[in-house]
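*Asks:* Structure below; questions to follow.
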Amino acid sequence: MQQLLLLYSFFVLYKKNLLVSGKMSTSDPNLLLNYVPVYVMLPLGVITVDNVFQDPDGLKKQLLQLRAAGVDGVMIDVWWGIIELKGPKKYDWGAYRSLFKLVQECGLKLQAIMSFHQCGGNVGDVVNIPLPQWVLDIGESDPDIFYTNRSGTRDKEYLSIGVDNKPIFQGRTAIQIYSDYMKSFRENMADFLESGLIIDIEVGTGPAGELRYPSYPQNQGWVFPGIGEFQCYDKYLKADFKAAAAKAGHSEWELPDDAGVYNDIPESTGFFKSNGTYQTEKGKFFLTWYSNTLLNHGDQILAEANKAFVGTTVKLAIKVSGIHWWYKDESHAAELTAGYYNLNDRDGYRPIAKMLTRHHAILNFTCLEMRDSEQSSNAKSAPQELVQQVLSGGWREHIEVAGENALSRYDATAYNQIILNARPNGVNKNGPPKLRMYGVTYLRLSDDLLQKSNFDLFKKFVLKMHADQDYSEDPKNYNHVIPPLKPSGPKIPIEVILQATKPIAPFPWDSETDRKVDG
């Protein structure tokens, strides 16, 4: 009897250790259909600004730790400012090829971001990688290639949408630059694409790689929860607006001059206050133009991405920013300045999802870890409702949705919230869940994450994201087989896209996840 008790105790201890390590060997076909793959963002400076793969041995050790924890893959920024540093079409992919080879050797999949933005000036930017110098040189003589606020301050994080189709970059337009870059990536990374290492191409469409205007730049003094500023006062976007207003029969209309400055609150401005300009005919026209211009920008770049990668076994994706502050304010001011024309009676996110349908692309959303109760009341913040709205909008348009956390967190509350958002109605023990995110990318690999107590909890998080199943090497087991990328469909008329602004109630969410890391 004593031997049986000892044997049982040993089994319980062994099982507990396996659960903590994330290696419990469990494989139920029905539960595997609830599996949500987990990826981890690599450090921003893993390839230096001088295009050097700095510490392959150190990274290899970390990657093997991730692989042992059941992590499915990693995400990496492929910086325009590094690759095309030496001049137009002078691409150098050598350091990235070495990095990709290491990721492959460590048994991980890869999500590659076409990072057409500057690194530096945003939350978490610990290194500085500017746009290519030859582009900045053009900006010296024509500063309007950069986003500009009403006071004339330029933002050099990302080229203004206004130059998307202007051949002012030694004969190329901005869209052509992005297209050439992605074609070169495909040519130079063909072996990694063919082998199935690279599974996602996330296309950078704005600052921080997100489809938005740089409305809240920290390097210009913005602090949370400021409403931000509209970024359309460069000469190119000004001219575009004036032409649109004239076409609408209102040549007298100008860009807003009453929307305040970065750190204002809505009520202190004429534009966002109750019954403010944003609710007038002129304000609605401006906001429609501003948000439609952003939509068209994303649509154009994705069309070029599709041409570059058509036929390869990858998913295209874009990232949408989780601007959760002032969400409970009638004006949704911070969302509006970023280009998301989202109000209580107008959905600003489902049109983005509808646009993505023609490119077979994923909508990747941020702030998955945040809870309303953690936010200060003065910000009128509602990250939970925002996530629910955006993910529901993607599912309503029958596209895949993915996501990531906005800030580095290592606590059970944050992990549980991510798991809840990944499977809003929990695990279905008899097959696929009603709702499931396509994947979640954790921000980010660091010494803090790998510190023992933090990493032990992270391993539990990975296990729960996998529905308590062992790591699955074969994506067929969880319905994630990637077919060859089809060509983009016909361009969707803007009138059709804007039909998706009609609000539809989001899908219901459980109050908490059924797979808690501390449950």
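FYI, residue positions are counted from 1 along the chain as it appears here.
The backbone N, Cα and C atoms fix where each Cβ goes, glycine too.
The substrate binding site annotation in TrEMBL covers Asp77, His117, Asp125, Lys319, His324, Thr366, Asn405, Ala406, Arg444. If you look up TrEMBL, you'll see Glu210 marked as active site, proton donor. Per TrEMBL, active site, proton acceptor is recorded for Glu404.
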*Asks:* Using a 10 Å cut-off, grab the number of neighbouring Cβ atoms around the Cβ of Asn405 (substrate binding site), all chains included.
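*Replies:* The Cβ of Asn405 (substrate binding site) has 22 Cβ neighbours within 10 Å.
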*Asks:* Fewest neighbouring Cβ atoms within 10 Å: which of the binding-site residues His324, Arg444?
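*Replies:* With the binding-site residues His324, Arg444, fewest surrounding Cβ atoms within 10 Å: Arg444.
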*Asks:* If you draw a 10 Å sphere around the Cβ of Asp77 (substrate binding site), how many other Cβ atoms fall inside it, taking every protein chain shown into account?
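*Replies:* The answer is 23.
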